[in-house]
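Worksheet: the structure to be examined is printed underneath.
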Amino acid sequence: MNKMLVFSLLFFFFLLPALVSSECTCDEDADDRDKIEALKYKLVAVASILIAGAIGVSIPILGKVIPAFRPENNVFFLIKAFAAGVILATGFVHILPDAFESLSSPCLPEKPWGEFPFAGFIAMISAIGTMMVDLLATSFYKNSNLTKQKPVNSDEEKEVHVHTHSTHGHAHGSVMLTSSEGNDELDLSRRRVISQVLELGILVHSVIIGVSLGASESPRTIKPLVAALTFHQLFEGMGLGGCIAEAKFKIKRAALMAIFFSLTTPIGIAIGFGISTVYSETSPTALMVEGIFNSAAAGILIYMALVDLLAADFMSSRMQDSPKLLMGANIFLLFGAGCMSLLAKWA
């Protein structure tokens, strides 16, 4: 899974710009172009998005330092519900409409793009593929745990002889290791798969919006995007950070995933700026690449938000047994989805 993330990043950073830098077949609006003024806003965008993303993804991970943010506390559940609403709105309100707009553009050939809803189809296939990866990874970890913990008797318990020493004597005892430990390990492994697949979906979208912003030379277009994308990264970072915290990665692994998320959009902006002279957002190649990857990212995020984030938490016994927590989680879910949906007015 880590190798897949690395190869995906290499593709988006190095091959995507080459794919989208084709000639334009539709006329672009040449008004309101000011490279110097646009560059100022791009530099502000890089700094603000970088800081906001780092803060957002770090808040849930700080549970090891701040007790209130630990996964076993109700505050963490509320933050995760808010973040799940953000991710769900990102898929439905931000990415999927952009994909439909790109793949139904008049700049694309009527055949086949105008005769079939490719955006929805690709999003559906992406969601199904995410489910398959989720199931296969979970099955793999389950089978590997079963081979490690073969039951000794019918109760699937293993007796371990334990020696304890003290200054006054030598004692013997036994400890019973049950299969519940294996279930905990399986749940932890699944959460790690969830966090990595979720980050992959977010990174795809982040690179695309970064390249689009970096390639724009219109201050009027960039100005509202700076604030919108700053909050966008903050909220998305909270969602991803919550999953990383629950996965209980080691410090280095968690820091690496947080750094990847924080840097992706700023690097995308830098790439967009570098190819701004040859990049055309209305060229057929750019529209197809952006539309296909946006569709795939939307399918990943929608599946992850509904199945792995919302269903897993809202159907848990802890949530069902606490009406106050359930009510608070629903409110935070709607608030997160509403805030992210509102940002679609500007980004």
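Positions of Cβ are set from backbone N, Cα and C atoms, glycine also.
These features come from TrEMBL:
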type	residues	note
SIGNAL	1-22	signal peptide
TRANSMEM	41-63	transmembrane segment
TRANSMEM	75-96	transmembrane segment
TRANSMEM	116-141	transmembrane segment
TRANSMEM	256-279	transmembrane segment
TRANSMEM	291-312	transmembrane segment
TRANSMEM	324-344	transmembrane segment
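Between the transmembrane segment (291-312) and the transmembrane segment (75-96), three or more CB pairs separated by 6 or more residues in sequence fall under 8 Å, so the two stretches touch. Sequence-distant contacts of the transmembrane segment (41-63) (same chain, six or more residues past either end, CB-CB distance under 8 Å): 69-71, 76, 79-80, 83, 213-214, 219, 222-223, 225-226, 229-231, 233-238, 240-242, 244-245, 254, 257-258, 261-263, 265-266, 269-270, 273. Residues 74, 77-79, 81-86, 88-90, 93-94, 97, 228, 231-232, 235, 310, 313-314, 318 of the same chain sit 6 or more residues outside the transmembrane segment (324-344) yet have a Cβ under 8 Å from a Cβ within it.
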